[in-house]
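Comments concern the structure below.
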Amino acid sequence: MDFDAVLLLSFGGPEGPEQVRPFLENVTRGRGVPPERLDHVAEHYLHFGGVSPINGINRALIEQLRAAQALPVYFGNRNWEPYVEDTVKVMRDNGIRRAAVFTTSAWSGYSSCTQYVEDIARARAAAGPGAPELVKLRPYFDHPLFVEMFAGAIADAAAKVPAGARLVFTAHSVPVAADERVGPRLYSRQVAYAARLVAAAAGYAEHDLVWQSRSGPPQVRWLEPDVADHLRALAESGTPAVIVCPIGFVADHIEVVWDLDEELRAQAESAGMLMARASTPNAQPRFARLAADLIDELRCGRTPARVTGPDPVPGCLASVNGAPCRPPHCAAQATG
């Protein structure tokens, strides 16, 4: 399968105070989120001048992608400029025929995979006749470079705290019902599997997996335990130090720089615990090489590169033009 471009498809984020509320309204449209909740989340962005780190990180990643492979790279977002619909129209006008789509999510599941598939279908429909074929690359939670980057980040974080610090992996929580509809529990099982792979690569026999950044009505069950509750339990048990690895995030989203670096760190300090946060891949050259490797898997017909461990968890393969992924692991969520 030949390609003549790469599309980096991401979530998007505000780049100024005046963009924060419109961005959050885009993210939550149709979900019935009360205005006061939006006001609360807006304060997190305003703490950083109304600028999310994600777009700047993605632009730096694009430069790394251009260095890692020869195809032109385009950039589109779901929730903010540059919108993917606009980007695909530019690709059409530039004569792009088929592009590999690399998303800033390593996982299967609705918000992690299927929603990006829907973004692709919507963008192609908006572009109309002549829209390029868009091939979404597979989730990469078990790719050797994904495991290597996080294992190295844990080693760097471990140098900042005493030996014996507890290793805690975090990922974005989702409603339990949504997780059970796909796989079942495909997202949470993939995260747990990746955490096991990374912990083993980093030399840890034990680790914890917790969830963060839940939202929505309190009566709706989300994946647990929550990271704040878990940190409290560790402190009460006398754990002196913790390494927090946000394995669910490939870049420093606001959920990382606020929820972990600000709120969780303050909680750790008040409990007398030392905390070191492992870095995310962000715009590392290895992350760009990972994307280039996924492209070559399709272009050259190579067997997907995967780290294998006990009880491996399946993942989707490619999705073309907004069709369900192959195998259809995420189709249950897509069809309700």
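A Cβ is built for glycine as well, from the same backbone N, Cα and C atoms used for every other residue.
Annotation note: SER52 (Fe-coproporphyrin III binding site) sits in a coil segment as assigned by DSSP. Under a cutoff of 8 A between CB atoms, and with a sequence separation of 6+ in the same chain, the neighbours of SER52 (Fe-coproporphyrin III binding site) are GLY13, PRO14, GLU15, PHE23, TYR45, HIS253, ILE254. What Swiss-Prot lists as Fe-coproporphyrin III binding site is SER52, TYR116.
Its Cβ placed at the centre, HIS172 (Fe(2+) binding site) has 24 other Cβ atoms within 10 Å. Among the features that Swiss-Prot reports, Fe(2+) binding site is placed at HIS172, GLU255.
According to DSSP, TYR116 (Fe-coproporphyrin III binding site) is assigned to a helical segment. In the three-state DSSP classification, GLU255 (Fe(2+) binding site) falls within a helix. HIS172 (Fe(2+) binding site) falls within a strand when secondary structure is assigned with DSSP.
Every protein chain considered, the tally of other Cβ atoms within 10 Å of the Cβ of GLU255 (Fe(2+) binding site) stands at 17. Between GLU255 (Fe(2+) binding site) and TYR116 (Fe-coproporphyrin III binding site), the C-alpha separation comes to 19 Å.
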